[in-house]
């Protein structure tokens, strides 16, 4: 995994042109661009390859289906140019392992969600996060997703997954502190609206980078 700036841009926009503009403008400030359902549904799967020609892409499809379907999804998005994928761990060992195997075949990375960053995640995912992190590590994922909005959860996950990468969403608009998340054990921060909805995205990215350096 690339860890230069320790910043991942969450490109949750609906316009292909806007997405390509932001990726181009910010490519030297971020290690990866994270592309999810909103942009893929709006612009088509080809947008993954278009952005991948600008910066490495993590496809955030939060894959959560039976093993065979997970395999098909992973193969399709990795073939389109993604360097990595994000999958849910809660669907179980067999489904997550299918993602890991598909990624290995394609030379891609797999990140498993242990807990999401919004308040509702504390209802069901929070109590299971420790088990999900252990299972994800056992399945051989490259990294996990843990919330910057709850740094103590990052510390817990770090104690379980060892040297595997931790990428953390929830910085900025959702209230997560960049420095607190990194201090707790995150390797990279996932930042979206604080940058993409800023009047000056580059300046906003630079402000975050100054805080974490």
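Note: Cβ is positioned from N, Cα and C throughout, glycine not excepted.
Per-residue pLDDT, averaged over the domain 'Orotidine 5'-phosphate decarboxylase' (6-208), rounds to 94. Here TrEMBL flags 6-208 as domain 'Orotidine 5'-phosphate decarboxylase'.
Annotation note: residue 176 (substrate binding site) sits in a strand segment as assigned by DSSP. The feature substrate binding site is assigned by TrEMBL to 12, 34, 60-69, 117, 169-179, 192-193.
Residues or ranges marked as active site, for OMPdecase activity in TrEMBL: 60 (among others). For residue 60 (active site, for OMPdecase activity), the same-chain residues 6+ apart in sequence whose C-beta sits under 8 angstroms from its C-beta are 10, 34, 35, 36, 37, 85, 86.
Residue 62 (substrate binding site) is surrounded by 15 other CB atoms, counting those within 10 A of its CB over all protein chains shown. According to TrEMBL, the active site, for OMPdecase activity annotation covers 62 (among others).
Annotation note: residue 62 (substrate binding site) sits in a strand segment as assigned by DSSP. Taken from TrEMBL, the feature active site, proton donor applies to 62.
Taken from TrEMBL, the feature active site, for OMPdecase activity covers 65 (among others). The Cβ neighbour count for residue 65 (active site, for OMPdecase activity), using a 10 Å radius and every protein chain shown, is 16.
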- Message: Taking only same-chain residues 6+ apart in sequence, whose CB is under 8 Å from that of residue 66 (substrate binding site), what do you get?
- Response: 91, 95
- Item | CB contacts for residue 192 (substrate binding site) [other CB atoms within 10 A, all chains] | 21
- Note on the structure: One should report the C-alpha separation between residue 65 (active site, for OMPdecase activity) and residue 117 (substrate binding site), rounded to whole angstrom, as 21
